Amino acid sequence: MQRNAGPEPERTGQATNSSRENLVEGENSGPAGREAQYAQPTGLLRRAFALIDRNLAYVLPAPAAIVILLLMGYPFFYTVSLSLQRVNVTMTRFSFVGLENLLEVLTADERFLNAFLITLYFTVASLILELVLAMIMALVLNRTFRGLGVIRTLFLLPLVATPTATSVIWLIMMEPSIGILNHFLEVAGLPRSLWVAGDTSVVPSLVWINAWHGVPFVMLILLAGLRSLPTEPFEAARIDGASKLQEFFQITLPLLKGAIVVAMLFRAIDTLKVFDAIWIMTAGGPGRRSETLHIYSYLTAFEFYDLGYGSAVILVFMVIILVISAVLIRLRQRAWL
Amino acid sequence: MNRPYLKPMGMRKTRRIQDSLFWIILSIFLVFFLFIFFWMFISSFKPNLLIVSDPPVWFFTPTLAHYGEVFERNPFARYLFNSLTIAVSSVGLSLIVGLPAAYSIAKYKQDGLALALLVVRMLPGITFLVPLFIVYKRLGLLDTHAGIVITHILTVLPLIMWVMIGFFEDVPSELLDAALIDGCSQLGTMIRIMIPLSLPGITAVAILSFISSWNNFIFVLILGGSKTMTLPLAVYNFLTYGQVNWGALCAAATVVTLPVLLLALVVQRFLAGGLTMGAIKG
């Protein structure tokens, strides 16, 4: 606080230090306490150390705070300012246009609206599919058996596998004429699908891939939730003769509400942000049938090199993510009250 | 207590049926989720003619030709090196900066900082990419290792801090108080007590963030180039340039994925905890 007041911090430092040393001496009788005193560095070094030690709450987070401010805070405000400008393709002329970009994104850009609706469709469908699949799996896995750890890890592999690589393999497997998934469909007596090449099948295919990636995470959280449930309500229900189905809908589900909201919160954030899989498999196509907000942001900024307008699109995309997250965080707080 | 031979005959039978039913369902799930890895792996050894055959061929004489193509006709060894150095440096730097900060947030209950961190974690990388692109272009940082490492810190640092706050909060405060009473400094308690006690958590988060950096695609797509080409981007280029060679594509995908999968299996004990910690706590 009064860093250049000279003796001031020294005195306070000694005050706290000596009180701690007294405490030490009080606790350990004699030699041990004195040894600890000798081990302390002396003079300036010691005072500097004491100063740091007393202000750890500021010292420790400072480097991270600086990095985050520099790497994220600065670019964020730069994006805001860019969204108010028109930038030419070679990035040599920047002219201020005010809210023109933002207004165009929000009111006149049909492509943005399309991207918004597709993102919504993709995210909601993914979350529903993931929740249902993960719930079934968690209920099945909710018991103790040999090999639980290994099997749980095997289920985690889709979560950690490199999305770029798995997207490429999905693309090969979903190839319409000779891909293996169509072969499986045929064996099962179902009609072939165009998968990501079809106008109507593209988003469901991507939802499927996203769920394949996300279900393990949701299942982990639901499983942890299931394992921490109290047993009394279930015993009571069994005595009252409740069916398994009733038990699930009236006891398990309400008790799991917190875990469900948390899992959905994290998956919603991740699904809104999916880029790799969609860019690699469809790049937004066919037409604009799978052009999500993230893909559209990327296209305007880094394919058309319209950095001003692109920044405006990115800014709106960001606000949408923050609003949806804030709503889910509120929900989560309420779920846990 | 739980002696099956003391139970009546019928119960033992239903139990066995239930058990086998459980394993059957479990196997279906496993096939469902892991088939793609199996398919990728065997296709990478399949002769080209058989890869495109319909119906699929399950038995064949394996060939290493695709791996030859990946490593000899393309500098995949260098891409591997790029991926490795970028991931290790960004994780190392983020640990140095992130661990003290996470400790501080956990210990001094700095909820404001935690909230800021959550916001940062939610934002997609593209939010920062336009300005970074402009700044990098001016500073000559495009397609440099330093430039890519800096952007990876953007995703790795918040991840490390977020997960570690949960781990640090789990260390009982009595242990820290005991160390303080014994004359240990605040900084000393962090280095001598907190860090060693949280080593499993630190291992888990280091591996998780290594994987997240290894998997990253968009930063190097926009800010990288031929000098900093990492494996994910190399696989993507395999897909887009020239005619698509499925066998080589599968081999390349295997090269990218296998290290991550093996890493996950080796550290499975820590992995589940690390993945859920950030979500359940905080």
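Keep in mind that glycine also has a Cβ here, set from the backbone N, Cα and C atoms.
As given in TrEMBL:
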- B:21-42: transmembrane segment (TRANSMEM)
- B:79-101: transmembrane segment (TRANSMEM)
- B:80-267: domain 'ABC transmembrane type-1' (DOMAIN)
- B:113-136: transmembrane segment (TRANSMEM)
- B:148-168: transmembrane segment (TRANSMEM)
- B:189-211: transmembrane segment (TRANSMEM)
- B:217-239: transmembrane segment (TRANSMEM)
- B:246-267: transmembrane segment (TRANSMEM)
Residue numbers, six or more beyond the limits of the transmembrane segment (B:217-239), whose CB comes under 8 Å of its CB atoms: 74, 76, 78-80, 82-83, 86, 125-126, 129, 132-133, 136, 141-145, 147-148, 151-152, 154, 245, 248-249, 252-253, 255-256
For the transmembrane segment (B:21-42), distant same-chain residues with Cβ under 8 A (at least six beyond the ends): 250, 253-254, 257, 261
Close approaches to the transmembrane segment (B:113-136) from elsewhere in its chain (Cβ under 8 angstroms; 6 or more beyond its ends): 101, 104-105, 142, 147, 151, 154-155, 158-159, 161-162, 165, 218-219, 222-223, 282
Tertiary contacts of the transmembrane segment (B:79-101) (same chain, 6+ residues out, Cβ under 8 Å): 113, 145, 148-149, 152-153, 156-157, 160-161, 164, 190, 195, 202, 206, 209-210, 213-214, 228-234, 255-256
Chain residues in Cβ proximity to the transmembrane segment (B:246-267) (below 8 Å; excluding those fewer than six residues from its ends, i.e. six or more beyond): 37, 40-41, 43-44, 46-48, 51-52, 65-67, 69-70, 76, 80, 83, 203-204, 207, 210-211, 214-215, 231-232, 234-235, 238-239
